[in-house]
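J.: One structure follows; several queries about it will come next.
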Amino acid sequence: MTQTPAGPFGPAGPVGRLDPDVAEQRRRVREALADLSPGATVLVACSGGADSLALAAALAFEARRAAWRAGAVVVDHGLQAGSDVVAARAADVCRGLGLDPVEVVAVTVRPDGGPEAGARAARYAALEQAAERHGAGVVLLGHTLDDQAESVLLGLARGSGARSLAGMPARRGPWRRPFLGVRRAGTLRACAALGLAPWHDPTNGPADGAADGAGNRAVPDDGDLPVRSRVRHEALPVLEDVLGPGVAEALARTAEQLREDAEALDPLADALLAAACVGGAAPADAGPDAGADAGPDVGVLAVAPAAVRRRALRAFLVRAGAPAGALTRRHVTAVDALVTNWRGQGPVSLPGGVRVARRYGRLTLASHEEEHSVDVDDMGQDLERVLLDREQIDARLAEMAAQIDADYAGRDLLLVGVLKGAVMVMADLSRHLHSAVEMDWMAVSSYGAGTSSSGVVRILKDLDTDLTGRHVLIVEDIIDSGLTLSWLLSNLRTRGAASVEIAALLRKPEAAKVDVSVRYVGFDIPSEFVVGYGLDYAEKYRNLPFVGTLAPHVYAD
Ligand SMILES: O=P(O)(O)OC[C@H]1O[C@H](OP(=O)(O)OP(=O)(O)O)[C@H](O)[C@@H]1O
Ligand code: HPA
């Protein structure tokens, strides 16, 4: 096929065989825009570097054939002296290619989050506005296979997840990247074949075609070459040398595979989050005054595969206001531990001032005032898992109190607490009662420092109150073997009480050695040794605000 020359920057190359790189790049643009109708407006983001210049040339050529209106936007980031001159020159080249409209947009780069991120944000915002101004539904970006490979390598080195390793998509919203399968060297060859002289960004290292596909200006790192540029010029060539050619292509393929995986997993994560949020206000719905908004149910999240659950958590955190770019795997792992490794830990602080706590079996957005009143972090190391959190306990005690109020209506009630374990239950249960009750205390012991009942109950402190004719309710933290309460029940019944009943927060049905009739039970729990909320191991852990099991190392010590 022969070409007609069309000026120094014209769409056609020198007369003769069509350059294979030019042909391939035009084909890629044609395929990327196959859905556009004649008359459609397309813009190309052009920095003047080889990638975006080759893309601009391919677009200009294809636009003529397909009768699209094709223009270019050159973003001047103002990060280097003379950047306006470089931008004006790039715009001239685009005009020379026959693109119209062509405009230079100067942007102010905000340094928050680093100059590179700031430049990217400013550039995309400017391109979006330009697309709107010109009625363009599509903006072409010149990222190449090398850009993709560099991103994947950087991501791998930083331990990123599949979402960021998946690199840049060929299409999202108005953005299209026709050159993701094109090597950077190919854009340089195409420019040479077309007689185009690309601009070389000095901060990008040795001359190779300069800024990346979307006109990204790399920003010097400690006065050194930017990291990305070093990956390009040092790391990738070394890898190709050691592993053989094709490393960049392989990395780009990895991105493609991970993108497919991410695309399959993201909807599953969205569905999981939606299911977990049923019954609670989604964080987005919560008003600004809400101290703690009901978030996803940990029970629903916990049974999901880790890959889906962690994605769902990430989505929850981003919706709650944590900036996606600042959320690392470490953050998500800490929140995941609230779901899968709950040891009563306090709220997790995240970027963007977001704080997530676990309350009432849900992840909630915690306000700063809402700290745990007891810092359990030291004791938390000794715990294996939380069996009942403080909210579950409190809710159950309120129910039990309502029942007790109803059952004893019109009668004077004497609560007998069994020291020491029942202190918390007595304090919280009695405060949920609406009638005026009396309290007395007994201290008995059957466990000492061990984890199983000796069966021998000793009275360490007896009651001060005469039980004759009294309605007595024994308040206990736990019924394990039942030996203590069985003994206590018969002891108190010999004292002339009108009635003696038991209210116990916990009961271990599988551990019962004797049958004890308990009128009010908070929770039946498995036959494991538990601590917290009054329950001790060798006198420790009584002050934990929840009930949990101890890690094996505690017993081993
Ligand atoms: O059903 P059982 O197997 O008899 O166990 C239950 C008893 O054990 C605990 O007391 P502990 O003797 O440990 O004394 P404490 O309350 O001072 O911790 C608990 O407070 C019960 O009173
Ligand atoms: O599981 C328990 N933990 C602490 N104290 C106890 N006393 C009886 N059972 C227990």
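The backbone N, Cα and C atoms fix where each Cβ goes, glycine too.
What TrEMBL shows for this protein is this:
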type	residues	note
DOMAIN	42-204	domain 'tRNA(Ile)-lysidine/2-thiocytidine synthase N-terminal'
BINDING	Ser47, Gly48, Gly49, Ala50, Asp51, Ser52	ATP binding site
REGION	201-225	region 'Disordered'
COMPBIAS	205-215	compositional bias 'Low complexity'
DOMAIN	298-363	domain 'tRNA(Ile)-lysidine synthase substrate-binding'
DOMAIN	390-537	domain 'Phosphoribosyltransferase'
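For each listed feature, how buried is it and what is near it?
T.: Secondary structure at Gly49 (ATP binding site), taken from DSSP and collapsed to helix, strand or coil, is coil.
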J.: If you count Cβ atoms within 10 Å of the Cβ of Ala50 (ATP binding site), leaving out that atom itself, what do you get?
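T.: The answer is 30.
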J.: Would you pick out, from the binding-site residues Gly48, Gly49, the residue whose Cβ has the largest number of other Cβ atoms within 10 Å?
T.: Gly49
J.: With the cut-off set at 10 Å between Cβ atoms, which of these binding-site residues ends up with the most neighbours? Options: Ser47, Ser52.
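T.: Of Ser47, Ser52, the one with the most crowded Cβ is Ser52.
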